[in-house]
Amino acid sequence: MNDVRTIVILTGAGISAESGLATFRGPGGLWEGHRVEDVCTPEALARDPALVHRFYDLRRAALREVAPNAAHLALARLDADWAGELLIVTQNVDDLHERAGASRLLHMHGELTSALCAGCEARVRWPDPLPPGAACASCGAPALRPDIVFFGEMPYEMERIERALAGCDLFVSIGTSGAVYPAAGFVQLANHYGARTLELNLEPSGGSGWFDESRMGAASVLVPAWVEEILR
Ligand code: APR
């Protein structure tokens with residue numbers, strides 16, 4: 001891969017699984033009898049804000065119990081040592097990439113440690129429990145909600161992501177089932193623009209057929225090995 005200069009990496013829940021955070025569609029993907037998909041919608045927030053806020057309060061609190069694993073650390077090393085362009089696009093709302101030290105990072109589905117004003121769209125750091133109806137410091141509206149992109153909402157920074165995909169030489173997808181668009185379509189976009197595409201996942205995913213190469217195994221093993229290879 002001597003000709004690679006520009007890399008885009010997409011990560012999903014699988015990269016944080018070995019840190020102890022449950023994935024969405026594997027075992028443990030249910031919460032208090034609700035399908036996770038049924039809690040992460042604008043409709044659920046309107047119908048039962050206390051339930052939705054409690055769900056994210058618990059997940060935010062869980063961040064304190066976990067630490068980055070070898071896969072996050074390897075990507076942080078790549079971020080530090082890769083002289084070319086790099087963008088890590090994560091679908092994860094945990095903060096394990098940044099705690100590992102990665103900075104060329106974008107959270108396309110929002111962040112647990114941030115709150116969003118449903119009124120003026122201000123985003124503020126919010127590491128604590130977030131009660132429904134908390135007031136926004138910018139506009140005063142009692143409208144702070146978890147800064148999470150719900151099903152049916154547009155992910156953050158799509159233009160920047162599409163530009164990066166259009167200009168990359170290599171697209172690497174790590175620990176994602178390829179079940180949720182638009183992220184599931186990034187491999188097709190990268191292919192379309194002529195990038196090489198590589199998947200690192202525990203098992204074949206919905207998108208496996210689109211990748212030039214798929215390697216199956218645990219992220220904590222596959223990611224450090226690939227980073228070693230690309231930096232060599
Ligand atoms: N190493 C590598 N891959 C793993 C590991 C592991 N240790 N453990 C699980 N996986 C893989 C699973 O095989 C699965 O293909 O990670 C993938 C996780 O898939 P999902 O649970 O569907 O998570 P993700 O793809 O991130 O979900 C996308 O869906 O609910 C929404 O917004 C939420 O960002 C999320 C989006």
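In case you wondered, yes, glycine gets a Cβ from its N, Cα and C as well.
Quick look at what TrEMBL lists:
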ACT_SITE  H109  active site, proton acceptor
BINDING   12-31, 91-94, 175-177, 201-203, A219  NAD(+) binding site
BINDING   Y56, R59  substrate binding site
BINDING   C117, C120, C136, C139  Zn(2+) binding site
DOMAIN    1-232  domain 'Deacetylase sirtuin-type'
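For G12 (NAD(+) binding site), the same-chain residues 6+ apart in sequence whose C-beta sits under 8 angstroms from its C-beta are T23, T90, Q91, N92, S173, I174, G175, T176, S177, A183. When pLDDT is averaged over the domain 'Deacetylase sirtuin-type' (1-232), the result is 94. Calculated from their C-alpha atoms, the gap between Y56 (substrate binding site) and H109 (active site, proton acceptor) amounts to 13 Å.
The Cα atom of L202 (NAD(+) binding site) lies nearest to that of R59, taking the binding-site residues R59, C117, C120, C136, C139 as the candidates. Residue density at the residue listed as 'active site, proton acceptor': 20 other Cβ atoms are found within 10 A of its Cβ, drawing on all protein chains shown. Residue with the densest Cβ environment among the binding-site residues S16, Q91: S16, by other Cβ atoms within 10 Å. Checked against ligand 1, the binding-site residues G20, Y56, R59, C120, C139 give no residue with a Cβ less than 6 Å away from one of its atoms. Sequence-distant contacts (6 or more apart, same chain, Cβ under 8 Å) of F24 (NAD(+) binding site) comprise A13, V36, E37, S177.
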